[in-house]
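Please read the structure below before turning to the comments.
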Amino acid sequence: MLRIAILGRPNVGKSSLFNRMCKRSLAIVNSQEGTTRDRLYGEIRGWSVPVQVIDTGGVDKDSEDHFQKHIYKQALAGANEADILLLVVDIRCGITEQDAELAKMLLPLNKPLILVANKADTFKDEHRIHELYKLGISEILAVSASHDKHIDKLLQRIKTLGNVPEVVEEFSEEEVEEEAVPSMELLSKEPLSDYEEEEIPFSTTSAPDKPLKIALIGRPNVGKSSIINGLLNEERCIIDNVPGTTRDNVDILYSHNDRSYLFIDTAGLRKMKSVKNSIEWISSSRTEKAIARADVCLLVIDAQHHLSSYDKRILSLISKHKKPHIILVNKWDLIEGVRMEHYIRDLRATDVYIGQSRILCISAATKRNLRHIFSSIDELYETVSSKVPTPVVNKTLASTLQKHHPQVINGRRLRIYYAIHKTATPFQFLLFINAKSLLTKHYECYLRNTLKSSFNLYGIPFDLEFKEKTKRTN
């Protein structure tokens, strides 16, 4: 894999260049300095080799921002990780002291280095390029990331430096399938006989060869980045006790026990009225997008605090997108005199969604139960990806009906002729019944709870679809 690192002082347009190269809006772009703090990873598609682009935070050693030492460390790690380096400067400002410091840091690495003179929006701007040779970098290219000017020349130069063969860009069959919206006839048009099995395709979007996408979500300062760093045994995300340290969604690819995971470390959601029209609001909207994108969501809460309205809001977003999830109760090392099972029992009683979730108490600080996160994710996703056999579904429902008969309404009783596990994403059962008017909310809840406990569907939002069918008579 060819790796390209983008470096520079704050507010020179690194994230705009990153988004332009990846052709996706992965990094937050804003005029406020320090928008990007962690390393962000993207990819350039359509090349003959895999290409990863690393966006780093703005380095300014003279800044009083206490995040700067962490940002510098992350930027240096990105530079060491990369094969080709892009030092981005603002051509309109000329050479600054920070630009010179960064050039001194990167030149000794003896890696292909391009000085990207960004914000060359006009012909006059481009003519100022000769001033930049004082930095001692021979490769200089003027571009405008915001106007997509000369980006193609930059990419071509990267191909040359990286010895990337030219190919005709085309989408692979795998990429086409990934973008396609599945369409299928789910139900047979033939009448359903009494307990007669129908040939109904089972729908699932699981792709075992692709990384399992895991979104870490939660309020600011609950330890999401600490959990990531603890799992990976390296500092990939900046950690601080100031809420809102992570602003971008940070994608981190990691392999464990021959399985690939793509962790998405998200910005914490905050009260909407306090973040409107700001970077934090953008981050909040990105958090919901990360939920929609994920295969499994990990909601992180602080063991020291009661479940807040914001935690419930996040959980409702997970439910809205029907995502399998696990609640991670972090900072368990700070809890004294409480048995874990009692804590979990009391937590389940606080909210209906919590009561239906899987809960794991952990400590990122001491790494207690961190490795159980992987096994919990695998178990949850295995349940989601597996079809419940039709005979098992119907045997379970038959037992359910015997234990608790539906009530009689106007001389008639609800009959369930047949049921199948219809889809995995979202998880859905299809039940064929005699009349929807005979199905009460109470009995639907009873059926839901029975299926949830019978097939261990805790942490898996699932739907019950009811379809009226007339029982075939001979």
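We count from 1, first residue shown onward.
Each Cβ is built from the backbone N, Cα and C atoms, and glycine gets one as well.
Because the structure is a prediction, the values reported are computed rather than measured.
Annotated in Swiss-Prot:
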| type | residues | note |
| --- | --- | --- |
| BINDING | 8-15, 55-59, 118-121 | GTP 1 binding site |
| BINDING | 218-225, 265-269, 330-333 | GTP 2 binding site |
| DOMAIN | 2-166 | domain 'EngA-type G 1' |
| DOMAIN | 212-385 | domain 'EngA-type G 2' |
| DOMAIN | 386-470 | domain 'KH-like' |
Open item on the list: Treating G and I as helix alongside H, and B as strand alongside E, what does DSSP give for the domain 'KH-like' (386-470) in helix, strand and coil?
Closed with: 31 helix, 27 strand, 27 coil
Open item on the list: Please identify, among the binding-site residues Gly218, Lys224, Trp332, the one with the smallest Cα-Cα distance to Thr56 (GTP 1 binding site).
Closed with: Lys224
TODO: Can you figure out which of Gly218, Lys224, Trp332 (the binding-site residues) comes closest in space to Lys14 (GTP 1 binding site), comparing Cα atoms?
DONE: Lys224
Task: Inter-residue Cα distance where the pair is Lys224 (GTP 2 binding site) and Ala120 (GTP 1 binding site), in Å - done: 38
- [ ] Taking only the Cα atoms, work out how far Lys224 (GTP 2 binding site) lies from Val59 (GTP 1 binding site), in Å, as a whole number.
- [x] 24
Task: Position of peak Cβ density within 10 Å, selected from the binding-site residues Asn11, Thr56, Asn221 - done: Thr56
